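What follows is a short report on a single structure.
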Amino acid sequence: MSTAPVTLALMKEILGRVAVGASLSETQAEEVFEIIMSGDATPAQIGGLLLGLRVRGETVEEITGAARIMRAKALKIEAPPGSVDIVGTGGDEAGTFNISTAASFVVAACGVPVAKHGNRAVSSKSGASDVLTALGVNIDADFALVHETLWENKVGFLMAPRHHNAMRHVAGPRGELGTRTIFNLLGPLSNPAGTTRQVVGVFAERWVEPLARVLGRLGAEHAWVVHGTDGLDELTTTGPTRVAEYKGGEVRLFSVTPEEVGLKRAAPADLKGGDSATNAAAMKALLKGEQGAYRDIVVLNAAAALVVAGKVDTLGDGARAAEQAIDRGEAEAVLHRMIAITNRTS
């Protein structure tokens with residue numbers, strides 16, 4: 001018997017709830033996103049649902065249910081125990097240097113595996129994959145080589161479109177809507193390595209606490225969700241950063257400043273990036289030990305990842321470890337090994 005009538009009836013029920021401003025349960029969100037990510041929803045149904053959720057505001061339960069389906073549909077890759085991810089939603093429109101990508105090399109050099117989930121540029125001139133390509137990393141390397149660099153070199157780049165093939169079903173409606181949707185939040189929650197320790201940057205402060213609660217429901221061990229008061233989806237050095245920490249079943253809210261870990265406060269202009277070639281050159285200089293605003297913000301974000309990894313107890317200790325990894329040339333060596341491994345024939 002065809003499941004089409006059942007699917008149509010469920011979509012009508014869900015769309016009817018969303019149309020009147022009612023929230024979906026986690027189970028209902030799972031059901032509707034299973035239909036969507038399986039290719040069984042029409043473009044009109046997808047667009048209507050996404051816009052309805054956006055206008056009303058997505059709930060913790062809805063985001064959790066949708067993320068569960070994204071994770072279930074992903075092409076998985078096995079990561080070492082204790083791996084972390086440092087990732088942002090994008091969409092902050094700040095056009096900064098590739099902060100979390102640079103921080104990934106530093107964290108790996110400190111002995112913590114990083115399963116870096118990323119994509120091409122969204123609101124900047126250079127996304128993670130763009131700058132890695134400019135650095136010489138083969139982002140389309142065979143999965144065997146990605147696995148090798150993740151396990152042997154402690155950093156691997158997981159190119160989102162390669163792992164989330166089901167996203168093709170929503171590409172058309174998302175593009176036509178031309179506005180942020182729940183999928184802007186789902187990417188950082190859907191690491192195909194299943195990392196349970198994360199630093200997640202968000203484009204708006206209102207998502208800091210809710211996404212920490214989502215990560216908890218999804219099985220996180222230790223996570224920071226961060227938003228710079230300057231608008232960055234990273235920990236910022238221009239002022240305070242709002243943080244929601246999930247650990248041990250609890251969410252704790254606090255702020256951090258660069259000064260409290262011995263870093264200089266920067267001006268927003270100091271953090272601006274350029275195209276992928278410009279950012280790659282800046283990253284090479286940073287990893288060779290060049291001082292300045294780029295280094296400081298990378299150190300701060302690496303420090304947060306070291307905290308959630310359990311490598312250090314305090315952000316200050318993390319900052320000192322990150323600085324040492326750069327100054328000893330260890331972070332630069334991680335990049336060079338990643339370039340070599342990903343360009344080999346598996």
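Cβ atoms are placed via backbone N, Cα and C, with glycine included.
According to Swiss-Prot, the feature anthranilate 1 binding site maps to G88, N119. Look at Swiss-Prot and you will find G88, 91-92, T96, 98-101, 116-124, A128 tagged as 5-phospho-alpha-D-ribose 1-diphosphate binding site, backed by sequence analysis. Annotation source Swiss-Prot lists Mg(2+) 1 binding site at S100, E234, citing sequence analysis. Marked as anthranilate 2 binding site by Swiss-Prot: R174. Annotation source Swiss-Prot lists Mg(2+) 2 binding site at D233, E234.
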| remark: S100 (5-phospho-alpha-D-ribose 1-diphosphate binding site) to E234 (Mg(2+) 1 binding site), Cα to Cα, whole Å, comes out at 8
| said: Suppose we draw a 10 Å sphere around the Cβ of T96 (5-phospho-alpha-D-ribose 1-diphosphate binding site). How many other Cβ atoms does it contain, all chains included? | reply: 25
| said: I need the nearest neighbour of E234 (Mg(2+) 1 binding site) among the binding-site residues G88, T96, H117, R174, using C-alpha distances. | reply: G88
| For R174 (anthranilate 2 binding site): intrachain residues, at least 6 apart, with Cβ closer than 8 Å | L50, T181, F183
| Among S100, N119, the one of these binding-site residues whose Cβ has the fewest neighbouring Cβ atoms within 10 Å | N119
